[in-house]
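Okay, so here's the structure we're looking at.
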Amino acid sequence: MEYGLIGQKLGHSFSKPIHEALGGYAYDLVPLPDEDAARAFFASRDFRAVNVTIPYKQLALAACDEVDEKAAAIGAVNTVINRSGRLYGYNTDYAGFAYMTKRAGIAFQNRTVLLLGTGGTSRTVTAVARDQGAKEVLLASRSGKNGALSYEDAMKRKDVEVVVNVSPAGMYPNNGECLLDLTAFPRLEAVADVVYNPFHTALLQQAEALGVRCVNGLSMLVAQAKYAAEYFTDKKIPDGEIESIYRDLRAKQANLVLIGMPSCGKTSLGKACAKLLGKRFVDLDAEIERQEGRPISQILAPGKETYFRDVESRVTARFARESGQVLSTGGGVVLREENVAALRQNGVVVYIDRPLQDLQPGGARPLSQSRQALEAQYAVRAPLYQKACHAKVNNDAPFYTVADRVKERFYEVLDCERA
Ligand SMILES: Nc1ncnc2c1ncn2[C@@H]1O[C@H](COP(=O)(O)OP(=O)(O)OP(=O)(O)O)[C@@H](O)[C@H]1O
Ligand SMILES: O=C(O)C1=C[C@@H](O)[C@@H](O)[C@H](O)C1
Ligand SMILES: [Mg+2]
């Protein structure tokens with residue numbers, strides 16, 4: 001290997017496409033199961049330059065022959081360059097985190113900051129917060145040992161103004177995990193999460209619901225990669241690259257999720273939009289049928305929905321945590337908030353609103369067999385679709401015109417999210 005990333009588990013990482021866009025070199029993900037394997041990797045010196053992620057950033061520091069002053073003060077190295085057999089260590093997460101929080105308008109000066117997690121990244125973020133004049137930096141961990149607070153005790157600190165998650169809690173494939181209740185902090189101004197996969201962790205979804213300023217780790221990831229690529233190639237890369245790579249990556253990774261009434265066009269528009277956007281198409285109803293080995297008409301019956309809804313929630317959670325897809329849902333997916341939260345963690349949710357008279361009762365949907373049933377369902381669900389979606393598209397025009405509208409709204413939502 002010449003360039004790449006080492007860490008214990010790398011299934012979540014987006015570093016490969018970022019580095020390949022930044023530097024034009026091949027970049028490999030090399031998972032190493034334990035510290036012995038990581039030590040042996042550095043001892044072999046069989047690489048030109050690598051990034052290092054959880055849990056080897058402290059070990060990487062010890063393996064280097066020379067460590068940059070800032071990285072040594074922080075105690076964590078995420079970039080190692082092999083120059084003629086000598087290993088040089090740097091920390092580009094520091095600049096990456098500073099970039100991300102500045103971009104999001106999050107300030108540390110005179111703030112009480114609570115960090116969730118005590119690993120290598122907590123040292124980096126502590127350094128940024130202190131350098132920017134934080135009043136106090138508190139650490140919390142599950143064990144509450146080594147000077148850290150337990151999560152329970154952390155929630156008693158009513159003075160906390162900024163929360164930063166520096167732990168892998170909630171990171172793919174453990175989507176949905178969240179150890180803190182943000183309502184405990186009446187003075188909360190901002191929440192940052194260094195996790196970028198999923199895009200909106202459960203912690204950030206809580207912050208959004210409270211109307212608190214928040215940011216995820218994707219801009220940090222891209223920024224630290226840019227600073228690392230400068231060491232890799234010994235060339236300056238313009239800062240503007242961070243924004244353009246971020247935008248391309250988010251558009252590529254984001255799911256497009258279509259919700260709406262039975263027969264509003266979710267499946268057919270979903271297939272067309274998947275082609276337009278170059279994404280994989282998944283129809284959640286078809287996945288439920290595949291998993292159950294029988295059609296929905298045999299699983300779902302009026303008054304006997306619970307079994308079907310449970311299967312639907314499991315299938316929704318499984319696909320919603322993946323990236324780069326168009327997901328067409330079943331009409332009732334919005335009936336459970338947990339499904340909506342799952343779909344929004346990586347997805348732009350578009351409500352396909354088709355005029356009631358164009359919706360077709362009957363077919364393979366047991367709960368909307370008559371026009372009356374369909375109308376009653378519309379009255380209940382329309383407000384839920386409205387609440388769950390980022391954008392609404394009226395399906396009242398020729399099919400391909402509507403598919404183009406959906407694609408445009410997808411990009412508009414992503415642009416707004418960044419602004
Ligand atoms: N704009 C349109 N013009 C013409 N036909 C359309 C348009 N939108 C959807 N249709 C047609 O409406 C029918 C229902 O669409 P589709 O099966 O995609 O809906 P759905 O939302 O997936 O329904 P369900 O919830 O039952 O799975 C299909 O035959 C589709 O081709
Ligand atoms: O998830 C990733 O790909 C990475 C995360 C951070 O630890 C970075 O420091 C590392 O360079 C790459
Ligand atoms: Mg369908």
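Counting starts with 1 at the first residue shown.
The backbone N, Cα and C atoms fix where each Cβ goes, glycine too.
Unlike curated entries, TrEMBL annotations are predicted automatically.
If you look up TrEMBL, you'll see SER263, CYS264, GLY265, LYS266, THR267, SER268, ARG365 marked as ATP binding site. In the shown protein chains, 22 other C-beta atoms lie within 10 A of the C-beta of ARG365 (ATP binding site).
The annotation Mg(2+) binding site is assigned in TrEMBL to THR267. Other Cβ atoms within 10 Å of the Cβ of THR267 (ATP binding site) number 18 in total over all chains.
The DSSP secondary structure for ARG381 (substrate binding site) is helix. Taken from TrEMBL, the feature substrate binding site applies to ASP285, ARG309, GLY331, ARG381.
Taken from TrEMBL, the feature domain 'Shikimate dehydrogenase substrate binding N-terminal' applies to 5-80.
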Mind running the binding-site residues SER263, LYS266, SER268, ASP285, ARG309 against ligand 3 and keeping the ones whose CB falls under 6 Å of it?
LYS266, ASP285
What's the most sparsely packed of the binding-site residues LYS266, ARG309, ARG381, counting other C-beta atoms within 10 A?
ARG309
Entries of SER263, ARG309, ARG365, ARG381 (binding-site residues) sitting next to ligand 1, with Cβ under 6 Å as the cut-off
SER263, ARG365
Measure from the CA atom of GLY331 (substrate binding site) to the CA atom of SER263 (ATP binding site) and give the result in Å, rounded to a whole number.
9
DSSP residue counts for the domain 'Shikimate dehydrogenase substrate binding N-terminal' (5-80), split into helix, strand and coil:
32 helix, 15 strand, 29 coil
Keeping only the binding-site residues of ASP285, ARG309, GLY331, ARG381 whose C-alpha lies within 10 A of that of THR267 (ATP binding site) yields ASP285
Can you give me the Cα-Cα distance between SER268 (ATP binding site) and GLY331 (substrate binding site) in Å, rounded to a whole number?
14
